[in-house]
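> Here's the feature list from TrEMBL:
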| type | residues | note |
| --- | --- | --- |
| BINDING | G162, R163, S164, I228 | NADP(+) binding site |
| DOMAIN | 6-117 | domain 'Tetrahydrofolate dehydrogenase/cyclohydrolase catalytic' |
| DOMAIN | 136-276 | domain 'Tetrahydrofolate dehydrogenase/cyclohydrolase NAD(P)-binding' |
Amino acid sequence: MTATIIDGKAVAERLRAGLAGRVAALPFRPGLRVVRVGDDPASGVYVRNKDRAALAAGFDSATIALPADTRESDLLALIARLNADPAVDGILVQLPLPPQIRADAVIEAVDPEKDVDGFHPVNAGRLASRQPGLVPCTPKGVMHLLREAGARLPGARAVVLGRSQIVGRPMLQLLLAADCTVTVAHSRTRDLPGECRRAEILVAAVGQSELVRGDWVAEGAIVIDVGINRGPDGKLRGDVAFAEALPRAAAITPVPGGVGPMTIACLLENTLEAAIARRRLPS
Ligand code: GUN
């Protein structure tokens with residue numbers, strides 16, 4: 001078997017086009033504010049891409065760039081102003097933050113109704129309690145890709161590799177809500193290859209270049225690679241050894257061009273959802 005390559009770029013483009021159509025039909029432009037502290041170069045690229053995609057889809061988007069030595073209290077004051085601004089529907093504070101700022105304090109300061117990252121404990125709690133709320137963008141994008149790949153989710157054995165707050169844990173909740181049988185494997189798991197081999201759906205989100213070898217992948221599995229790791233040669237690699245997995249999987253996402261583009265598209269989707277919910281419009 002040679003896997004179908006899941007074209008995340010194309011799926012994301014379709015999603016963004018659909019969102020642009022819905023935004024154009026609104027009597028207002030949903031507002032997104034992306035806050036960046038310091039000059040981490042990778043964050044700079046991500047933030048520019050988010051802003052560009054939001055503007056192209058008709059959102060009222062702006063980036064607020066603060067110096068690296070910004071005090072936590074000043075960032076919290078900015079967030080309070082954005083929380084109170086009726087034109088702002090979504091607030092995203094780009095991570096990582098400089099060491100003098102506590103990320104948890106910042107995440108908890110964002111109004112949960114404007115938390116388009118879905119990182120606030122209220123939104124994490126809503127997801128775990130199966131209540132409507134804002135869902136973290138990357139796991140949400142993975143669910144879109146699984147549906148595009150034709151995955152039959154109810155009853156499927158899914159393995160999530162990684163237990164981060166941003167990907168692994170919300171991924172568990174979304175797969176469980178879709179009636180998968182879910183295992184979360186991580187750095188302390190015994191026999192990682194064996195756990196992965198049992199997966200009909202394998203989501204790798206550990207941030208270790210090509211950790212998942214070809215013989216960790218079951219014949220016919222659907223493999224979603226969330227990893228984006230830059231090698232010493234400057235090349236981007238996923239958490240899965242793509243060339244080794246290709247002959248075994250039924251479908252697999254490439255890196256780049258798989259999950260990455262979906263994250264931004266889902267940020268826009270969350271911003272539109274937040275705008276509709278906050279303004280009490282029918283969805
Ligand atoms: N840094 C890397 N990924 C993310 C993300 O999804 N959201 C935010 N806010 N920062 C990030």
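Glycine is no exception: its Cβ is also placed from the backbone N, Cα and C atoms.
A TrEMBL annotation is a machine prediction, not a hand-curated record.
From a predicted model like this one, the values you see are computed outputs, not experimental measurements.
Distances, neighbours, how buried they are, the whole picture for these features please.
Counting every protein chain shown, the Cβ of I228 (NADP(+) binding site) has 18 other Cβ atoms within 10 Å.
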> Name the secondary structure element type, per DSSP in three states, that contains R163 (NADP(+) binding site).
coil
> Count the residues of the domain 'Tetrahydrofolate dehydrogenase/cyclohydrolase NAD(P)-binding' (136-276) that DSSP assigns to helix (H, G, I), to strand (E, B) and to coil, and report the three numbers in that order.
53 helix, 26 strand, 62 coil
> Could you count the residues of the domain 'Tetrahydrofolate dehydrogenase/cyclohydrolase catalytic' (6-117) that DSSP puts in helix, in strand and in coil?
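Computed counts for the domain 'Tetrahydrofolate dehydrogenase/cyclohydrolase catalytic' (6-117) are 56 helix, 19 strand, 37 coil.
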> Restricting to the record's NADP(+)-binding residues (G162, R163, S164, I228), give me the longest CA-CA distance in Å as a whole number.
16
> With Cβ-Cβ distance below 8 Å and at least 6 positions apart along the chain, what are the contacts of R163 (NADP(+) binding site)? List them in sequence order.
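Spatial neighbours, sequence-distant, of R163 (NADP(+) binding site): R169, V184, H186.
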> Cβ neighbours within 10 Å, counted over all protein chains: which one of the binding-site residues G162, S164 has the most?
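Checking each of G162, S164, the winner is G162.
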